[in-house]
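Written out below as structure tokens is the structure these notes cover.
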Amino acid sequence: MTEFPDNTRWQLWIVAFGFFMQSLDTTIVNTALPSMAKSLGESPLHMHMVVVSYVLTVAVMLPASGWLADKIGVRNIFFAAIVLFTLGSLFCALSGTLNQLVLARVLQGVGGAMMVPVGRLTVMKIVPRAQYMAAMTFVALPGQIGPLLGPALGGVLVEYASWHWIFLINIPVGIVGAMATFMLMPNYTIETRRFDLPGFLLLAIGMAVLTLALDGSKSMGISPWTLAGLAAGGAAAILLYLFHAKKNSGALFSLRLFRTPTFSLGLLGSFAGRIGSGMLPFMTPVFLQIGLGFSPFHAGLMMIPMVLGSMGMKRIVVQIVNRFGYRRVLVATTLGLALVSLLFMSVALLGWYYLLPLVLLLQGMVNSARFSSMNTLTLKDLPDTLASSGNSLLSMIMQLSMSIGVTIAGMLLGMFGQQHIGIDSSATHHVFMYTWLCMAVIIALPAIIFARVPNDTQQNMVISRRKRSL
């Protein structure tokens, strides 16, 4: 057992607390969406922007978080992240309209974007390199508990209090965390290169405008010509960034990353793959409540097997990849996830509710194997000089693709659910059935990309749990 000095242990607890807050918030909201819709006078089929606004903001802000921490100091930025996250939570709870809630989620997302990467950077600075793995294991555990606790806790709060409490519980916790950060966390700074502000703005504008163009006609009533202009503007911003990065050695993300074939394939596959899988955590609790009439608490409990399956698969995924190779694992898990998603809908509509936890457990296992394989494939062949930049770009793409996935899911629900639908009605079942069929196709398509992954040339190392010190 690795022993840390008392002051270091307290600092690690602060980082772990930030990981927990951020991971809890990513899952606790989904269960509450139907109740939020009823309270705000909105259709539950149009509540996806509550999720998209948060995840997209995280994607936009991630590239700036590490630079800000180096320039201004890890304590100052981590403190600011907790304060912004807590203020965003307060404004979410006070929101009286969907637009107010979306804006509050943007503020919350700014704080959430800085918590995890700055937390990792803090750990690197406060512990010796030899203890880094043990320290990261220590701080990451609460982050794994958050997704497990979030759906059930969200269901309890919604059912026995109100949806406002899923945000209000962050306030006292955030105040304590901010005070502890300010008093106990050292403020490490280092000399940094100039921040690529033009590149950051081009990427931010491109991501935000393209996501808005996907859903603007349904949620905001934007005309088709305006949407076409937005899509063209977003694409132009991304193309301008590529031109900027080609001419600028200090660009936010170097184009030299794409000289590594597995990085290019892995990044493209991760983007396409997470669009499909990003729909599932949003759609599943909404379907359980609106489509099947489950209570918020019951729907939250049903999400736990999916998280347990995901956590359990992480223990054996390296051995599976070593045995079968990246290409076979990624193609099989991609097609398997599409089939399992269809199995979930079939079992639900047949009324075999007792099988749903087993199907969701299987879904979590398959999804986790695919996620872990995509991540390691993308980064494993990068040279050390580009590893940090590649990891940051992958993190941004992961968040962006999930926001696009939720946006597309909301767009599909709006397209198939034009008429008023009731809870657990035949019309509602048809809306979700057609949506799930489209989702299964979207989930399966990245198999075409993963089929191009080259044969593996080296084995992945398996860490022995008997020899690892914590």
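Heads up, the Cβ atoms here are built off N, Cα and C, so glycines get one too.
What Swiss-Prot annotates here:
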TOPO_DOM  1-11  topological domain 'Periplasmic'
TOPO_DOM  33-48  topological domain 'Cytoplasmic'
TOPO_DOM  70-76  topological domain 'Periplasmic'
TOPO_DOM  98-101  topological domain 'Cytoplasmic'
TOPO_DOM  125-137  topological domain 'Periplasmic'
TOPO_DOM  186-196  topological domain 'Periplasmic'
TOPO_DOM  218-224  topological domain 'Cytoplasmic'
TOPO_DOM  246-262  topological domain 'Periplasmic'
TOPO_DOM  307-341  topological domain 'Periplasmic'
TOPO_DOM  363-395  topological domain 'Cytoplasmic'
TOPO_DOM  417-430  topological domain 'Periplasmic'
TOPO_DOM  452-470  topological domain 'Cytoplasmic'
TRANSMEM  12-32  transmembrane segment
TRANSMEM  49-69  transmembrane segment
TRANSMEM  77-97  transmembrane segment
TRANSMEM  138-158  transmembrane segment
TRANSMEM  165-185  transmembrane segment
TRANSMEM  197-217  transmembrane segment
TRANSMEM  225-245  transmembrane segment
TRANSMEM  263-283  transmembrane segment
TRANSMEM  286-306  transmembrane segment
TRANSMEM  342-362  transmembrane segment
TRANSMEM  396-416  transmembrane segment
TRANSMEM  431-451  transmembrane segment
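Sorting each residue of the topological domain 'Periplasmic' (186-196) by its DSSP state yields 0 helix, 0 strand, 11 coil.
Stretch with the most C-beta contacts under 8 angstroms to the transmembrane segment (225-245), considering only 165-185, 197-217, 263-283, 342-362, 431-451: 197-217.
Long-range neighbours of the topological domain 'Periplasmic' (307-341) within the same chain, counting only residues 6 or more positions beyond its ends whose Cβ lies under 8 Å from a Cβ of the stretch, are 27, 144, 147-148, 151, 269, 273, 276-277, 280, 359-374, 376-377, 436, 439-441, 443-444, 446-447, 450-451, 453-456, 459-462. No contact links the transmembrane segment (12-32) to the transmembrane segment (396-416), because fewer than 3 Cβ pairs that are 6 or more residues apart lie under 8 A. Between the transmembrane segment (138-158) and the transmembrane segment (165-185), the number of CB pairs under 8 angstroms, six or more residues apart, is three or more, so the stretches are in contact. Taking Cβ pairs closer than 8 Å, the transmembrane segment (396-416) reaches residues 45-49, 51-52, 55-56, 58-59, 62-63, 203, 207, 211, 214-215, 218-219, 267, 270-279, 282-283, 430-432, 434-435, 438-439, 442 in its own chain, all 6 or more past its ends. Ranked by the number of CB pairs under 8 Å to the transmembrane segment (431-451), the listed stretches 49-69, 165-185, 197-217, 263-283, 342-362 are led by 263-283.
Across the topological domain 'Periplasmic' (307-341), DSSP classifies residues as 31 helix, 0 strand, 4 coil. The average pLDDT for the topological domain 'Cytoplasmic' (363-395) in the predicted structure is 84. Counting same-chain residues at least six beyond the ends of the transmembrane segment (342-362), those with a Cβ under 8 angstroms from any Cβ of the stretch are 284, 287-288, 291-292, 302-303, 305-306, 308-309, 429, 432-433, 436-437, 440.
When Cβ-Cβ distances below 8 Å are used as the criterion, the topological domain 'Cytoplasmic' (33-48) is approached by residues 95-98, 101, 158, 162-163, 215, 218-219, 282, 285-286, 289-290, 296, 406-407, 409-410, 413-414, 417, 421, 431 of the same chain, each at least six residues removed from its ends. Beyond the topological domain 'Periplasmic' (246-262), the same-chain residues lying 6 or more positions past its ends with a Cβ under 8 Å from any Cβ of the stretch are 63, 193-194, 196, 199-200, 203, 377-378, 380-383, 386, 389-390, 392-393, 453-454.
Remote same-chain partners of the topological domain 'Periplasmic' (70-76), defined as residues 6 or more beyond its termini with a Cβ less than 8 Å from a stretch Cβ, comprise 118, 121-122, 125, 181-182, 185-190, 192, 195. Residues 62-63, 66, 117, 253-254, 256-257, 260-263, 265-267, 269-270, 273, 277, 280, 305-314, 317-318, 320-321, 326, 329-330, 333-334, 336-337, 340-341, 344, 453, 460 of the same chain lie 6+ residues outside the topological domain 'Cytoplasmic' (363-395) yet bring a C-beta within less than 8 angstroms of a C-beta in it. When Cβ-Cβ distances below 8 Å are used as the criterion, the transmembrane segment (49-69) is approached by residues 25-26, 29-30, 33, 36, 77-78, 98, 101-103, 105-106, 108-110, 112-114, 117-118, 121-122, 192, 195, 200, 203-204, 207-208, 211, 215, 219, 252-253, 282, 392, 395-400, 402-403, 406-407, 410 of the same chain, each at least six residues removed from its ends.
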